[in-house]
């Protein structure tokens, strides 16, 4: 317990440090902003910039009150009502501003021509299939630095800045090379799901170690049920618990090495231990037959209808399954069991991840308005509204949702237990080609076409290929 | 008068030619240019990088895998879809047993003709989704259910690198056969019936009639169909994108990857429009070469009747 405590302090101190560094860095970039870098259009952003005007408590971002505001929001499982609700609050504050809103899907195709011509919205929720490739936009200087928003006072937080009210790590999740370019509005945890009622009925314990897991799988299999399934056609889903197990075994350095494209990152002992562990599911035939050919809906439906006991997923699973889940199924999420006898991270550590990345284009006509709307959305009032509508947490750390189901309860418990040990990785949003490549390689591992050694080698060579590719913009984390 | 006629011709053609130049030729030329840049697709800025994209292409294993898959399709699809199309068209039009009229199709021919054409009326996305259900990898799937009846274990059609691509090719054959039946039916309909009658009077077998009369007399149509099928085989974007994975990854592990889909992924998922355009130019070259080869290879003396 004490060990865990000190680690938490370390991490907290580290985050604070990195926050200061980011602030220092962006202070510099703000200066260059005033001088007019080519990334910024010389439009209202320059005129309404903070330097000369007194900061106003009601308008800390100095939003031009009569400047129109345009938002384009991904309208998927979460809908876009929560944004429209926040816009009503924006309109109360700036009654003269005309607000244009559009909710849709496949945003990349809609917005690509607008980015090329320079006529972009002021706030985008760049989520869902067919979104804009984030790393490419960053490399092209198309995204605003969101530091002004992060350093602005948060609404209803008694003088704290927006940055201070967010879940630790959220800012880093949306940072590219230390600069926050995206702010993840929703916060999800990833883990392994099971039905609590099913497990209690059969007297199955929640496995703490991987050996427990394999023993339990043997028992589950003897009842005729398949122990595992995963979203086969999207092999990234099963790579997630492998990386989680590796991070827990070897500590955060495992993930940092992967994100920083270090040599040998994928072949490191903790990675091998995790890959070996999951490969046992293949070797011992613990995976629902046909899993590798299933879409995420198929696999999740089979899981919810009792064909398999475990499935990896993010915390959106409960709302995604909706009515498919039988009454009293009582789904809960847990982190991965320990794959070594001496895991570096505590057993409760879990992967946190943002979803719904909000971006403000640097060519936007009213970028401060876009950030202001985001600031309103990050108020406890709007966050509660979002969670009640979607059964999903926002990136705001402290608020009390009023409508909470069993999945969301377990998500909040898991997140609270993990605390400052919540970890994340970034390579998949920095290097989409590497991500695609290791996902496909993992699909081969999980069908037994390659063994863990070959898997690690192939992933490593994919990482090396990206590292050696001069046409890819590289990012670092520390 | 003469001058007036030229003026008329020029006037009538100018519109279409300008439209064609602006909407077809100009984009083609532009894409040759874009393929020489590092354009991400999301800015107005692009930098000329010479032939670097083509160099990358030659070293890109996924490009070669995709190309191999496309070429495989260009061989397999024409053989099966045109072969079956010819067979069915013959059965529906001339292979019926003669009772009263000499030349007729099998019983219920007009019904089959409509049924064969059904798949062609569905959008390719709908077909992809429907067949994904047919190929459900568990015993609950339609196909695996049937196989289960005769004691065959469920096959993981789209989830195994060994079967996924063939499963998709089979769907394309299923979709396109009806179209070729229709095309060949029209062609066979224009063959004078007396030719068939004469051959039958001479005691020619149906097999012989097929090879000696039907095929030579509709050869022009077969040739066009072959080129058409070949071009289709070089596309296949939609069906692969719908069937290979939720995000159209061409998986598992690129085992269903085709150039069309790889271009899409490169451009829209990875933000490399310059490189994707170079892949597009490569596909353009392959298509032209294949069309020329097909037409050369298939040249036969035309039968005039």
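From the backbone N, Cα and C atoms, a Cβ is placed for every residue, glycine too.
Automated prediction, rather than curation, is the source of TrEMBL annotations.
Sequence annotations record features per position, and here TrEMBL assigns domain 'ABC transmembrane type-1' to B:67-294.
Feature annotation from TrEMBL assigns transmembrane segment to B:7-29 (among others). Outside the transmembrane segment (B:7-29), and at least 6 residues removed from its termini, the chain residues within Cβ reach (under 8 Å) are 284.
Residues or ranges marked as transmembrane segment in TrEMBL: B:71-94 (among others).
With a threshold of 8 Å between CB atoms, the same-chain residues lying at least 6 positions outside the transmembrane segment (B:114-134) that come near it are 88, 141-143, 158, 167, 171, 174-179, 181-182, 238-239, 241-243. What TrEMBL lists as transmembrane segment is B:114-134 (among others).
Look at TrEMBL and you will find B:164-188 (among others) tagged as transmembrane segment.
Per TrEMBL, transmembrane segment is recorded for B:209-231 (among others). Distant neighbours of the transmembrane segment (B:209-231): 74, 77-78, 81-82, 85-86, 90, 94, 176, 180, 183-184, 186-188, 191, 195-196, 199-200, 287, 290-291, 294-295, 298, 300, 302-303, 305; these residues of the same chain sit at least 6 beyond its ends, with a Cβ under 8 Å from one of its Cβ atoms.
Residues annotated as transmembrane segment in TrEMBL: B:273-295 (among others).
Packing against the transmembrane segment (B:71-94) from elsewhere in the chain are residues 103-106, 109, 112-113, 116, 165, 169, 172-173, 176-177, 179-181, 183-185, 187-189, 196, 209-210, 214-215, 222, 225-226, 229-230, 232-234, 236, 258, 286, 290: each is 6 or more residues past its ends and has a CB under 8 Å from a CB in it.
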